[in-house]
Amino acid sequence: MSETLVEFDDVLTRYEPLIGLETHVELGTESKMFCGCSTTFGAEPNTQTCPVCLGLPGSLPVANAAAIESTIRIGLALGCRIASWSRFARKNYFYPDIPKGFQTSQYDEPLCVDGHLDVEVDGRTHRVEIERVHLEEDTGKNLHVGGATGRIHGADHSLVDFNRAGIPLVEIVTRPVPGTGAKAPEVARAYVTELREIIQTLGASDVRMEQGSLRCDVNTSLAPVGSLEWGTRTETKNVNSLRSVERAVRYEMRRQAAVLDAGGRVVQETRHFHEDTGSTSPGRSKEEATDYRYFPEPDLVPLAPDAEWVEKLAAGLPELPAARRARLQEEWGLSGTEMTWLVNAGALGLVEQTVAAGASPAEARKWWLGELARRANDAGVDLPELAVTPAQVAELAALVGEGTINDKLARQALDGVLAGEGDPRAVVAARGLAVMGESDELVAAVDAAIAGAPDVVEKVRGGKVQALGALVGAVMKTTRGKADAATVRRMLEERVLSS
Amino acid sequence: MSDLTALPVTELQAALASGETSAVEVTRAHLDRIATEDGDLGAYLHVTADAALQRAGEIDAAGTAGTGLAGIPVALKDVFVTEGVPTTSGSRILEGWRPPYSATVASRLHDAGTVLLGKTNMDEFAMGSSTENSAYRVTRNPWDRDRIPGGSSGGSSAAVAGRLAPFALGTDTGGSIRQPAAVTGLVGHKPTYGSVSRYGLIAFSSSLDQAGPMARTVMDAALLHEAIGGHDPRDSTSIDTRVLAVVEAARRGAGGDLSGLRVGVVRELGGEGAGEGYDTGVLERFAEAVALLEAAGADVREVSCPAFDLALPAYYLIAPSEASSNLARFEGMRFGIRVGDDGSRDIDEVMALTREQGFGPEVKRRIILGTYALSAGYYDAYYGQAQKVRTLISRDFSAAFDGVDVLVSPTSPTVAWPIGARVDDPLAMYAADLCTLPASLAGVPAISVPCGLSEGLPVGLQVMAPALADDRCYRVAAAVEAALGAPLTDRLLERAA
């Protein structure tokens, strides 16, 4: 059964959306949250376990200091207040992937509260308020074997991998974000993008959505335009890419509008996002009924981050993405729009590194937004995945700048680099791509062109100087593009016009 | 050599050090006694006879027997996880489980050269005061085999009182070391919360559980205490402080002089304000013990701790709440028994069946109680309120300790009762912890030391001290022991003779 949907633009004529996001980030600490086990991704199942993360009787947790530090740094980067007193709490429920029968999390005493993150969409800044940033442990992973779908229904049996159980997980919860209107889907996406970049800049996590080290739950609700009350929200899970964040909000807005239009009531529920169709479907309603019976974790002592230490952490934060963008925009003399293009293309860091390797900002930008963007698009990959480094791009720009190659040859040199033939200079040498000087070969080619087209020569001499282009083209053809067009033109002019 | 099982640890040390006996002989003597007596007494759930003899042989070969505790046999309550040795916590749900690791206290005792005799019986998951809640067997009181040995560390108390071990470890959540020690004529100490590692102790109530020694003499208890105490980085609630000097305190107390010591008799616990439920004989022995303290030079006065009256209800909310969460991991997925996994049931049904058949009635009762107390809408009224009471009790202790050095009370309101007498009356069973609960809730140390017999059965005196002042408990207990002349358990030997 496919859902009735309202056209997106139509939704906004009657309803105001309200979005909220809960983001889980696996921290990149060496060891797990409460034991010394490794956190390396992709190891053989159940090889990174011990009595503590398996929840064996008698085992006890010891909190990972590095994870606490990372969480506080994330909180500080989001402008949060760091609690002077914070506690872990037990979230009790039964599921085979939680070994202790409860997840050690935080409840009413989180580490960081009351922050914000400003995101820009189409030139307008939206302030997303952060309610809390807290620390918890990840669950294990269930593997359902023998079914067609890999889901639990129809499976023959299930296996559990506890390698992931106990990996430190930071949860970042926003307050509902009002006033986004038609931009709600983009604001949601921009928020996760910016958050991801901040955490990356902090070095707190590798934030890879496809590996699940950054996971996002998107809350969406609609209220009639002008209403003072919020609508009922749904929580969409399994949103595994930036694009999906946007699509999930868009879909929920359209679906909920249809429900409300029909006089129905939006059910407060967890929904599942489907990457293939871009739609959502209800999760198990059972989850909603769970009473987690939170209470303070008696096996762990309360956290009381020392104010001086927190100040030191704040002072030691790296330059954050927003500040960096402002600085680079200034340094490179870009307009806001130009900067936005650069950021949206995911090219900011690449351009910065290319500039650092010696290219001019304009050259670096031209390469990454032009030729390289085209190549990435053709290959269906993101820019950073191209097999070319910023240093190699700077070298290409330098080769063009010094006249060794022209733009056309540079594209051939890039082919070589992408094909793994080495650095640009090596490719130019190996493929013989260098622009010809006034060599005998070039002189011969120029003379041959003049001799081969007396009619053109006549026209030029008669005043139609633009006809010289045909002769330039002929020379470039004979030299297979290796000649420098300007040089060829000058040589032709010398020979045709001055005799 | 006289009967090796009759000697206190201090004398075994001397006999081992002088070469008068060997670790193997001492171990064999205890194993022999276990073989003849334990069928009836029921102190052990698992006897590690072969491993014990092998370990004793190693100690003899190394020539270390008699240094410290090397070569001295010991029994562990089955709540302690022991690598490769079956560990059940008295529950059917862990039947057949052999842990892949050892509790910190078990490792420390092993490293000290002690010889593990086996694992002792207990109330399932340490919930009970008579050891009748064990899923496996009945344990009898060596003083009267028709009576209970106390609980939940009743296997340990029966083993030590019955000379099936020189000393043993127990755990105390609301009185589970002190009460069984009291009703079997032993010394039992609950250390300051956080001063002995809980790593590898199967949790009942995390904020209350504490391991401690049970022995026939105060000095033996102190020796065992020093061997297990001290900071453990694997336990976050472990206090990072020096090992408490309890052996020195026991030695000092044995001199019998308590001049200058200020002792408070708690009005609400067996003092003037004591309510119903106390045996007359218990109150008489208690009054005599207080008189002994005065005679030893102590300055005795009465103090009032009104919040202690609320300890029982507060405890029976906090402990079950934590237990309901601590016991959630027993669902048959990773260890222990699994029931009903025949391909026809889903995971929720298998978990439910496993827990239904794996847990006994008292454990289920407390899980239900705790689950209810933590539920949304009830949390503040029950768990939250109980925590406030806990704070009040701590304040009463603080106020009392402003004026006195230790507090005293009877350990148990009654002597050991007949097996079966309270099994159908949980409230009567819970009342056995009346005097021991306040120290548990406040996390302060408390010792039970024998102070005579009533109706031919042992009575214990409880001595409570401020946090980390465990040495005061040992000092006072040693003075009482010295004043009484000989360990109470010597009377059992006389009877047998």
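Just so it is clear, glycine is given a Cβ too, placed from its N, Cα and C backbone atoms.
Small disclaimer: the values here were computed from a predicted structure and weren't measured.
Annotated features in TrEMBL:
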DOMAIN    B:25-473  domain 'Amidase'
ACT_SITE  B:K77  active site, charge relay system
ACT_SITE  B:S152  active site, charge relay system
ACT_SITE  B:S176  active site, acyl-ester intermediate
Integer Cα-Cα distance in angstrom, the residue listed as 'active site, acyl-ester intermediate' to B:S152 (active site, charge relay system): 5
B:S152 (active site, charge relay system) and B:K77 (active site, charge relay system), distance between Cα atoms, whole Å: 9
Overall pLDDT of the domain 'Amidase' (B:25-473), taken as the mean: 96
Position of peak Cβ density within 10 Å, selected from the active-site residues B:S152, B:S176: B:S176
Other C-beta atoms that fall within 10 angstroms of the C-beta of B:K77 (active site, charge relay system): 31
